[in-house]
Amino acid sequence: MAKVTIIGATGRLGSFASHPIAGIPRVDEVLLMGRPGRENLLAGLAHDLTDSCAARGIWTEISSSTREEDCADSDIIVITAGAPRHEGQDRIDLALANARIIRPIAESVGRHAPNAIVMMVTNPVDVMTAVALRYSGMEPKQVFGLGTHLDSMRLKALIADYFHVHVSEVHTRIIGEHGESMVPLWSATTIGGIRISNLPAFSGLPMDEMMQRVKSSGSFIIKNNGATIYGPGDAIATLVETILGNENRILTVSSYIKSEVHNVGDACIGVPARVNRRGVFPVPIRIEESELDAFRSSVGKIRAITGEILEKLE
Ligand SMILES: NC(=O)C1=CN([C@@H]2O[C@H](COP(=O)(O)OP(=O)(O)OC[C@H]3O[C@@H](n4cnc5c(N)ncnc54)[C@H](O)[C@@H]3O)[C@@H](O)[C@H]2O)C=CC1
Ligand SMILES: O=C([O-])CC(=O)C(=O)O
């Protein structure tokens, strides 16, 4: 059984994510953490979530705290603390302000829960994953970000809709930045195990429109509904379940890569990784030349921004 801690639990995403996480059978304890001064909010949330467990007929212990040391003994720590973007902003615009929030959180997690697996969600997620890795002092396999997993799921749903097939028949992947420079791997996209380029309807596939839709999903939802909650919340829960179930699924998460993709690396970025109870393990892959050029440029962008941010934090 496992303890999952959510840091940033009073926020819109943190509070929603706690709901599916509390329902995962291998989770027996959920700790909702927030900043000092938020005790009442956290207590109310914990009480409501306890009621939700009762209504679902499950027994998960829900607690709340503003004391850093209480994250000790966590198996997984999900970090959603930090500012969200507003209409018109790019995720990258949040980098310095959120890095200043994530640094002390990462230091505290490294001190109190050095054996946990840390899932970074705060944006810009690739840069924040690097900040968490640096300041927690933990190993790369232990610290990863939600990366392009949600983007990959968004594309998967669009492809399933276009080909009129069940979503589980579609395998696809977006790698690179969780942001403008993300790279769809059309060469690795299959339906029922068949490459989509071998299917008759492929010639009409509106690839550019689909990618535009994926890239603008976050801003569309923020503009119309204030925040993205259900998509990322359930994506977070899927990852928690994959880790605790030691499932060895290949999911596209932000991990530190040295040179796993055609010698491109030295950044935390969305890549296919094997996810299990010990953490995340990027899978060395070969991709097509045009995809590689785009991935190289995405890695270059994130490496440069990460370098600037880490320098400013020193
Ligand atoms: N990677 C992804 O796919 C996604 C990432 N996000 C990111 O998750 C983060 C949270 O989003 P929301 O929950 O919508 O925002 P929110 O504003 O509702 O919640 C933010 C949370 O961060 C906490 N916080 C703010 N400043 C803090 C500080 N100085 N120290 C400690 N905690 C602090 C707040 O108390 C609150 O709990 C944002 O950075 C957002 O961009 C959101 C959706 C998807
Ligand atoms: O768009 C945002 O700012 C939130 C996010 O990362 C997403 O939903 O993809």
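Each residue, glycine too, has its Cβ placed from N, Cα and C.
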Residue among N98, N115 sharing the NAD(+) site, where TrEMBL lists G8, A9, T10, G11, R12, L13, G14, V121, T122, N123 as binders: N98
Contacting binding-site residues for ligand 1, chosen from G8, T10, R154 when the Cβ sits under 6 angstroms of any of its atoms: G8, T10
Where the C-beta lies under 6 angstroms from ligand 2, the matching binding-site residues among G8, R12, R85, N123, R154: R85, N123
Spatially closest candidate among R85, R91, R154, H178, the listed recorded positions, to G14 (NAD(+) binding site) (Cα to Cα): R85
Integer Cα-Cα distance in angstrom, N123 (NAD(+) binding site) to R91 (substrate binding site): 6
